[in-house]
Amino acid sequence: MDDSKVVGGKVKKPGKRGRKPAKIDLKAKLERSRQSARECRARKKLRYQYLEELVSSRERAICALREELEMYKQWCMAMDQGKIPSEIRALLTGEEQSKPQQNSSRHPKAGKTDANTNSLVGN
């Protein structure tokens, strides 16, 4: 008996399944593969450059934070000895100078809030 099968009105002969490979020029295929490899290496290089920049920026941030922490430790040690560091003194005097300006603008608002709280307490 014949090994050919009838499927959908067409006669199929036994043999390899799927698409037959097109007759591709091997040199072109090899060149495409090389180009793909070049692009892959370029992407990898860019990714590593980005990661190295990220690491160095994080290391710089860590150094800055360590310096800031050391400064705060020094301030605490000075305050434990009863000394007020000049930086803190400058911060405090800067706040005291800005407080009168803020307080004068806050008084009308504070009066309104006091009136509102008094009305709530009375209920």
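Cβ atoms are placed via backbone N, Cα and C, with glycine included.
For 1-24 (among others), the entry in Swiss-Prot reads region 'Disordered'.
Taken from Swiss-Prot, the feature compositional bias 'Basic residues' covers 10-21.
In the predicted structure, the domain 'bZIP' (23-86) carries a mean pLDDT of 94. What Swiss-Prot records for 23-86 is domain 'bZIP'.
Same-chain residues lying 6 or more positions outside the region 'Basic motif' (29-60) and placing a CB less than 8 Å from one of its CB atoms do not occur. The region 'Basic motif' annotation in Swiss-Prot covers 29-60.
Per Swiss-Prot, the feature region 'Leucine-zipper' maps to 62-69.
The region 'Disordered' feature in Swiss-Prot is assigned to 92-123 (among others).
The compositional bias 'Polar residues' annotation in Swiss-Prot covers 114-123.
According to DSSP, the region 'Basic motif' (29-60) comprises 32 helix, 0 strand, 0 coil.
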